Amino acid sequence: MEDGEMQNVMKVWLSISVSLTYCYIIGKMSPKGFTRLLCVLPVVFLFLVLPLQLTSVHFGGMTSFLIAWLANFKLLLFAFGKGPLCLDPEISFGRFICVACFPIKITQIPPRKPYQNGHRHGNGAQTSHSKNGQDGRKIVSKKGNHKSFLNYATKGLLLAMLIATYDYTDSIHPKIMWLLYCFHIYFFLEIFLAMVAYMVRILLGLELEPQFNDPYLSTSLQDFWGRRWNLMVTSILRPIAYEPILNTCKNLIGVKLAQGMAILGTFGVSALMHELIFYHLGRVRPTWEITWFFLLHGVCLTAEIALKKAVNGRWQFPRPMQTILTIGFVIATGFWLFFPPFVVCKAVDRAIEEYAAVRQYLKPCVQFLLGFVNRSSGL
């Protein structure tokens, strides 16, 4: 990877830090509403174009996802006093920056009831342990939500094996390679975000919301998109897309139809943000296949929910069959509509080149360490 790209990464993230510092000050000086929105909009537009300064698939893609999408949506909610940036009115500067940039979830402890008859009433048993943050806020760590080190180590090993197979792409059928790309995306995102979560937890004592909950075990599209895949996106799309559409439409067309419209609208917003990320990755004109992918899933999810209500639990496939059908549908539609844009923007080829550059860069370090170990063992 060129030194110029690393300099661009530092410049981009310095610009992000300065912009979020401005937003933090605006939050202290400007009341929520239209005035704060006008103050925040220049930062939103800046965040839309900053990823264009990066050419790396990994740096550019993650910056686009974290900043052009998630941070921008959080700032739009922040302008109206909503979303994760407004959960704590006394949020510290450091936490404001981290919550804006990363998929951070700060879990609150419900207030305890006052003492009655010498006993305190509360739900402290629901959490593993808690501690006070620097600003006096309770930060709850739910240990049950954290996967084991062995889990991540296994996925890291599998990711390394996947990357190694890219040296033999000419001998592997393209459809099989696309299947490997599915696992590559999942493993890379989960491991990368887990590393970010660990660093933020160590430095600030904050809890990052797990991004994935074993999506390969999904039993329905509702389970896949709502409870297992990219959970921070789900939680941020609800207040910024689903709820406004639902509240707007329910008085016009009724609650049932409004729910369907809200689901389709939410998938439509997600589709446009994915198109933006792919544009940041390849700088090529959108083919709109990704949009059709998400709209198709929105229609199918709406139909699935309606069918579940009609059947009302009277009949269903065995759980293993539900998982096979769900994951099969996601992969099949991904092959059809989601992965072709990867080929168009040459994201996979560029990612392979970046992995090769990293390996070449680390090779002397590995040789030095091996030589040191051999010399030490000879002593």
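Each Cβ is built from the backbone N, Cα and C atoms, and glycine gets one as well.
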Which range, 260-278, 355-373, does TrEMBL list as transmembrane segment? 260-278
Which residues of the chain, 6 or more past the ends of the transmembrane segment (34-53), have a CB below 8 A from one of its CBs? 8, 11-12, 15-16, 19-20, 22-23, 26-27, 60, 63-64, 67-68, 71-72, 75-76, 78-80, 276, 280, 283
Other than its close neighbours in sequence, what residues sit by the transmembrane segment (59-80), given a CB gap under 8 Å and a spacing of at least six beyond its ends? 5, 9, 12-13, 16, 20, 23, 27, 32-33, 36-37, 39-40, 43-44, 47-48, 50-51, 86, 99-103, 192, 232-233, 236-237, 239-240, 273, 276-277, 280-281, 347
Can you tell me which parts of the same chain pack against the transmembrane segment (149-166), counting only residues 6+ beyond its ends and a CB-CB cutoff under 8 A? 172, 180, 183-184, 187-188, 190-191, 194, 352, 355
Within the same chain, where does the transmembrane segment (323-343) have neighbours whose Cβ lies under 8 angstroms from its own Cβ atoms, ignoring anything closer than 6 residues to its ends? I mean 6 or more beyond. 175, 178-179, 181-182, 216-221, 223-224, 278, 282, 286-287, 289-290, 292-293, 296-297, 300, 317
Within the domain 'Wax synthase' (209-295), count helix residues (DSSP H, G, I), strand residues (E, B) and coil residues, in that order. 69 helix, 0 strand, 18 coil
